[in-house]
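Below you'll find the structure, written out as structure tokens, and then a few comments.
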Amino acid sequence: MGYFITFEGIEGCGKTTQIKRAAQSLREAGHRVVVTREPGGCPIADDIRAILLDAGNSAMVPTTELLLYAAARAQHVAEVIAPALAEGAVVLCDRFTDSTLVYQGFGRNLDRDLIARLNTLAAGQIRPDLTILLDCPVAVGLARAAARINSRQTNREERFERESLLFHERVREGFLSLAGGEPHRFAVIDGNDGVEATATAVADVLLNRVPRR
């Protein structure tokens with residue numbers, strides 16, 4: 001069986017950059033690494049992702065959003081994550097069930113027990129062995145996210161970047177609450193410490209937690 005690592009955090013926390021660095025480090029150590037993301041990771045889930053993140057879909061109600069995430073995850077787990085783990089790979093996933101619990105539960109105030117049941121329905125027995133939470137102040141993360149959008153030279157915003165500051169504060173608090181409840185699974189890393197310092201901290205966690213080849 002492989003090893004499943006998820007990366008979590010607010011918008012603009014630096015997950016994408018750190019996942020790339022982590023994948024390189026693990027491959028150099030001899031691991032077979034699969035990098036994926038949610039929502040998305042396979043064609044059907046990518047189609048759902050486009051609907052979920054499109055800022056034009058502002059009329060989407062929270063329950064619709066939740067069910068779309070669950071549908072995307074069910075396909076992603078069946079098509080990508082479960083097979084890779086069965087083959088012994090280290091799977092790095094940009095967001096997983098914790099994001100749904102935090103964004104739709106803490107952020108949207110949907111029933112968290114219901115979300116947990118849907119997460120179980122979608123993911124089955126797949127659970128992260130390690131979750132790296134990159135934490136940074138909301139203002140910092142949103143500024144980074146805005147810069148990322150500007151760098152694309154497009155006016156297209158993603159739906160979550162249009163949410164209120166209070167929404168994003170609830171999301172951050174939600175992640176920290178989950179981490180506090182499962183300290184054995186979560187490694188909380190300062191995502192406001194610069195790319196290199198953050199990468200070093202992530203590498204230290206991986207060295208201590210991922211089984212060696």
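The backbone N, Cα and C atoms fix where each Cβ goes, and this holds for glycine too.
Residues or ranges marked as ATP binding site by Swiss-Prot on the basis of sequence analysis: Gly9, Ile10, Glu11, Gly12, Cys13, Gly14, Lys15, Thr16.
Mapped onto this structure are the features recorded in Swiss-Prot.
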residue: Gly9; record: ATP binding site; Cβ contacts under 8 Å, 6 or more apart: Lys15, Leu133, Leu134, Asp135, Cys136, Gly141, Phe175, Gly191
residue: Ile10; record: ATP binding site; Cβ contacts under 8 Å, 6 or more apart: Asp135, Cys136, Val138, Gly141, His168, Val171, Arg172, Phe175
residue: Glu11; record: ATP binding site; Cβ contacts under 8 Å, 6 or more apart: Gly141, Leu142, Arg144, Ala145, Phe160, Glu161, His168
residue: Gly12; record: ATP binding site; Cβ contacts under 8 Å, 6 or more apart: Cys136, Val140, Gly141, Leu142, Ala143, Arg144, Ala145, Ala146, Arg148
residue: Cys13; record: ATP binding site; Cβ contacts under 8 Å, 6 or more apart: Leu134, Asp135, Cys136, Gly141, Arg144, Gly191
residue: Gly14; record: ATP binding site; Cβ contacts under 8 Å, 6 or more apart: Leu134, Cys136, Arg144, Gly191, Val195, Thr198
residue: Thr16; record: ATP binding site; Cβ contacts under 8 Å, 6 or more apart: Asp94
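Other residues of the same chain near the ATP site, with their Cβ within 8 Å of the Cβ centroid of Gly9, Ile10, Glu11, Gly12, Cys13, Gly14, Lys15, Thr16, are Leu134, Cys136, Gly141, Arg144, Ala145, Gly191.
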